[in-house]
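**Q** I grabbed these lines from Swiss-Prot:
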ACT_SITE  36  active site, proton donor
BINDING   29-36, 153-156, 190-193  ATP binding site
BINDING   64  beta-alanine binding site
BINDING   64, 159  (R)-pantoate binding site
REGION    1-279  region 'Pantoate--beta-alanine ligase'
REGION    280-516  region 'Cytidylate kinase'
């Protein structure tokens, strides 16, 4: 493909009409640096097919600059920017003039007003109307380009949160993909405004990333972050603090709940140059809880999700099935709690795997991976799972496995009982009819006979009733869970939806997507 630079809407639209391709759009204001190049490189790496084009825009948006800010001074060098963009993998560049983006002037077009609860935090507290200008221009660019995907950096975290919220509320059908802050060898976050710094200012400004890195290191050791100490370091290096806060990464409001994902956010002035930086604070790796009724496809999808994102996969349903199989194989009455306690007390339950795909479950060194999927186990597992001793035993085992995080678990009470502090909770469900069809396919594939889909649907409804009405850890959607109804969706569709939800809650900086 011949690399192109367009300056008018007409040129761009003519070219787009010839491509018949999905557009991956990366908006910039120019002044490109390795951070921008990283976004382009990642967008290229994660193309889902060859029929996708990476378009980079270069437009210094006057609406996001207040009076007295650096609009006129902002770096502009289209030739250098084009060279950096193309070398990173961009297919085309759109560098429009103001009149191309706002024909007749900005006053001739609708403007977006960001909710004050989001705008007036952090950067927006000092930069009045800044994010209104950002949101307005993004909508204009999206309207002109009509991309399938928008790629943004996590360095401008507040901007990312606002744009995600904007797209969600306006139901804009564009996927947002974000990537972590990139830094030079000294740890300094790349920014177009870094070029403003004199040599001596650059030395002073180095205390910004150094202090943030040290604070995160102390936090990871279990120590309390001392904001006063950080402020004194900045003062010693002639950095004027605009804000220095620990905030909730989504509401952007100050928080003292450091048991959840937090953001240490900083903005300082070094001379006349404004610099921002941040780091995420988390006591452990993320835990993802996926709950839902029988036959909703939890195991298949959760396993694929774990593989795609590099998580440990914990199939809690398989654990209950393994215990049920053990009880059946030893001819124990499912209501004889004394015998059940005795046999489980000395039993060894473990997962073994050489890969995510080949994960197997063993009980007392017997591979029961296939045995636990039999109709006999299926019909009895709910009776066994409702017993207090069984649930307490397996819940403890599950919590030990998830002690350090980095895990995705699926079951019926993961988000409510096993990991109530999970970082993301999904309630995956489908209609009983849909689940019966899936169950029939699964039984057929495994070589088991069944009477009819209608009977399977009846069994599923009975299982739902038992699971929902049991006194101990009943099946229910956690209050803070996101419900995903999967009727009519294939595994790939559900997986994509789950990953999008995950990325809206867990930044790349916290949990990077593994390279394929």
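Heads up, the Cβ atoms here are built off N, Cα and C, so glycines get one too.
Source: prediction; values computed, not measured.
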**Q** What does DSSP assign residue 153 (ATP binding site), in three states?
**A** strand
**Q** May I ask for the distance between residue 29 (ATP binding site) and the residue listed as 'beta-alanine binding site', taken between their Cα atoms and rounded to an integer number of Å?
**A** 11
**Q** Using Cβ atoms only, which residues of the same chain lie under 8 Å from residue 31 (ATP binding site) while being at least 6 residues apart in sequence?
**A** 74, 75, 76, 77, 81, 192, 193, 195
**Q** How far is it from residue 36 (active site, proton donor) to residue 153 (ATP binding site), counting Cα to Cα, in Å?
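**A** Residue 153 (ATP binding site) has its Cα 8 Å from the Cα of residue 36 (active site, proton donor).
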**Q** Consider the binding-site residues 33, 155, 190 and say which one has the Cα lying nearest the Cα of residue 64 (beta-alanine binding site).
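**A** Minimum Cα distance from residue 64 (beta-alanine binding site) across 33, 155, 190 lands on 155.
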**Q** Give the three-state DSSP assignment (helix, strand or coil) for residue 31 (ATP binding site).
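**A** Coil, per DSSP.
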**Q** Using DSSP and three states only, what is residue 159 ((R)-pantoate binding site)?
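**A** The residue in question, residue 159 ((R)-pantoate binding site), is helix (DSSP, three-state).
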**Q** Nearest to residue 159 ((R)-pantoate binding site) by Cα, among 35, 153, 190 (binding-site residues)?
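**A** For residue 159 ((R)-pantoate binding site), the closest Cα among 35, 153, 190 is found at 153.
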